[in-house]
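Visitor: Following this message is one structure expressed as structure tokens.
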Amino acid sequence: MSDKEGETALYNDREEEARQFFSDSAEPQSQGGSNELAVNENEDNNNDEVEDDADENIYSIQAHKITGDEENNREVTMKKNVRKAKKYDEFKNERDEQGFVPMGENPEYGGMDYSNEDPQARKRRLLEEKMESAIKSKTSRRRRADEDDLERMQDDRIDFLKDQMIKAANLDVEKNSQGQIATEKLKLLNEVVDILSKADLAISILDNNLLEAVRLWLEPLPDASMPAYQIQKELIHSLTVLPIKTDHLIASGIGKVLVYYQRSKRTEANLKKVVDRLIGDWTRPILNKSDSYKDRTIQFNEYNKNRFTNQLSSARRSKPKEAKSLYEESAERRKRAAIPAARTTAYKIAPKVDPSLLRRQQLNSNGNNDERFKRINQKLTSMNFKKKSSKKSGPSIEGRNLTI
């Protein structure tokens, strides 16, 4: 037998002995020396390379020495990889250092204990939870950043428009004081109306105090002339859409300008109705008044015809001459007659009627009323009788009432 065949037989015999040794019992047997727990540092590189998943779970390598033949006088070390899972305490400490709390141990999810869970199942579960938490945190951060960017863009847009409006108002004031035509606000009116009509910008408009620029646009010019009617109409109608609160009124001061429009005789009638409604809506919360008609309190006062006539005549004599509207002024300038315009009158005091006085008046006038009623009734009945008698009589087409 050659040397090569002898080495092969020796290797097979030793391999069979090692396999029988590991299959007989789990406890190491002492054979020519004590079993020891160690890592063979002189092992070849090919035997050291292990997969990443296996390296995470290998914590010890159990080695057993098997004596060889006396002729060769060498020993073969057979190694058994003992794979152990991490202890729960070590895993928990490592997880706490990373700042990660799995859903299973979160009190919000019941606080379940996974200490006896299979290592592979635990590893898979933790990986899934990390991925879910990472995805949720990234999306939430991205959403918040987008919202902040959008709000910042809206604020910048409102601030830029506010600066433009203030600049245009100042230029119109300068031109009006110099006797020139003020047209800067009219050039910018379409852009301002476009911004004020957008519902998604309402909060940004109020927070950035764009109402201050609106107040400057509605204020009279230095020569006491009103702004262009188109500016008045568009801006005042846009105020009805905005959710204006008391704080916004105080910061902007726009309420004073609308009171001026309410009391001015040069304000157009339909526009004055809108102004009255706005002022009523704004002052009602300040005065703690309800907008329900049922909660409305009406003031009553006794009505005396003679005294009221005397007061009315004296008031007419002492009343100053009313200011003319723009339409009346233009008609007078062209020497034309102006169509009378309806005046908005609001009555705040209701007359108090005495029921007993009404009864006495009714009793005193019953006689005259009865005679008058009889005459009218007789006249109506006679008119009806004449109509009936005037109807033509004779045979009909069908031959009814025909005498043969």
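Cβ atoms are placed via backbone N, Cα and C, with glycine included.
Keep in mind it's a predicted model, so treat the numbers as computed, not measured.
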Visitor: Of the residue ranges 83-105, 290-312, 382-404, which one carries the region 'Disordered' annotation in Swiss-Prot?
Guide: 382-404
Visitor: In Swiss-Prot, one of 251-281, 313-343, 344-374 is tagged region 'Disordered'. Which stretch would that be?
Guide: 313-343
Visitor: Roughly where does the domain 'TFIIS N-terminal' (212-289) sit in mean pLDDT, to the nearest integer?
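Guide: Per the prediction, mean pLDDT sits at 89 for the domain 'TFIIS N-terminal' (212-289).
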Visitor: Where DSSP helix means H, G or I and strand means E or B, what are the helix, strand and coil counts for the domain 'TFIIS N-terminal' (212-289)?
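Guide: Counting residues by DSSP class gives 53 helix, 0 strand, 25 coil.
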